[in-house]
């Protein structure tokens with residue numbers, strides 16, 4: 001399990017479980033040691049029971065024991081060795097599987113923790129469904145590799161080494177003959193591993209795309225049904241799934257190509273060993289029992305060699321998955337943050353933009369040389385055509401992005417000089433999509449602050465007008481909102497989002513298109529909630545709604561290019 005894919009964050013997680021892996025490896029070493037003794041009862045039974053050969057050397061004391069007694073001892077030895085081996089194997093498998101499951105859990109947590117910490121630029125390029133695929137399938141592949149490395153590589157490696165030693169002592173010439181297969185088998189394994197890695201990378205990328213598509217289409221099921229597009233989306237899903245199936249079948253075909261090639265090489269080695277061994281036995285160089293013993297060890301040698309070489313495919317698959325996981329864990333995309341930096345000021349004078357330039361593509365800025373001052377404890381509305389950077393202004397204050405040039409300040413302090421957590425704790429944010437999470441109304445409101453009391457949650461809900469509809473529900477604020485807030489109307493979702501934004505009592509409130517897509521009655525209800533919640537706060541609202549512009553203390557109009565602006569004080 002070497003290579004770049006296994007460096008960085010993935011390797012760090014695996015290394016954190018060294019102790020249980022070592023214990024599992026220790027249990028796994030007993031199995032191959034016992035397997036080395038399995039052929040001996042057979043050889044003793046053949047030579048001393050069937051052929052009547054006398055015992056020599058260390059076993060000379062058994063020379064007077066009858067053949068039936070010797071046969072009984074050999075049979076008992078087979079049972080005892082098998083029983084002990086089974087117990088050792090059980091312990092090794094249990095320890096290894098437990099370690100692999102814990103590694104999988106830690107990897108999932110690490111990927112999730114990293115994903116939610118990465119900047120929005122990363123998430124703009126990676127679909128959430130594809131990231132979920134890394135949390136599930138890719139982590140599972142890494143777990144398989146860890147288990148295989150602990151159980152198969154160690155056990156089979158010891159078995160190969162031990163078998164070679166014993167075979168060299170029993171029949172040195174047969175040991176040399178048996179080893180002739182290793183070079184061609186190694187070449188086959190290396191070529192096979194490269195092919196599997198490439199095929200598996202293609203298959204995993206295709207599967208990630210399918211997961212992303214399924215997430216989109218299932219999430220849009222209402223639109224699919226309303227526009228009678230079931231047939232179209234089913235055809236699209238099937239076409240994408242067919243591409244995944246083709247990629248998976250190609251990976252299976254490449255993987256399946258290993259067995260026949262390896263078997264042919266090993267069969268040639270077995271045949272050659274059999275010929276040389278029989279000729280030696282006919283010449284009296286070795287006994288029949290020794291021949292059977294040697295052939296058993298050749299089988300024990302070739303079995304694990306084949307298994308080890310086959311693992312190249314398993315590790316190739318896991319390597320592709322580890323690379324996908326590592327792309328998240330080792331991503332260098334960060335919003336620079338120094339936890340030891342001073343806390344953000346309390347925002348008593350306002351928010352400022354000073355020569356700000358920003359673009360998702362630096363060559364095409366959406367904001368260019370922007371200078372603005374948003375006074376404290378007032379409601380500023382920002383309007384303008386789509387694409388002129390209105391939402392981007394809010395995101396720069398939140399440091400979801402940092403400007404390419406210039407600075408964003410609160411109370412005259414560059415937001416980059418403040419700790420990120422303290423800055424965001426000063427700001428309540430209402431996105432255009434309310435982005436409610438599965439749970440109750442109270443759960444969603446409480447999401448806006450840390451360790452909020454029930455009273456604080458209810459107070460925020462009251463300020464945002466949530467209680468006006470929640471009190472009509474059987475469970476009140478404990479009523480579930482459904483996935484994405486689907487059990488609530490659009491206006492109700494917006495009010496819950498406003499309550500969430502002000503629950504932590506932030507001095508700044510940033511709101512993006514609060515009334516977009518709502519009928520006038522619902523929009524007026526949301527606007528009333530916004531005005532109440534924004535009292536005493538530095539409130540910035542992105543909007544096209546004349547009703548919102550009418551209640552603003554100040555209106556800023558952005559036009560493209562954004563070096564042209566108009567500011568109007570309405571009251």
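In case you wondered, yes, glycine gets a Cβ from its N, Cα and C as well.
In TrEMBL, the transmembrane segment annotation falls on 174-191 of the listed ranges 102-119, 120-137, 174-191. Cross-referencing 203-224, 225-246 with TrEMBL places the feature transmembrane segment at 203-224. Same-chain neighbours of the transmembrane segment (145-168): 1, 14, 21, 24-25, 28-29, 31-33, 35-36, 92-93, 96-97, 99-100, 103, 174-175, 178-179, 294, 297-298, 300-301, 304-305, 307-308, 311, 314-315, 317-319, 322, counting only residues six or more beyond its ends whose CB sits under 8 Å from a CB of the stretch.
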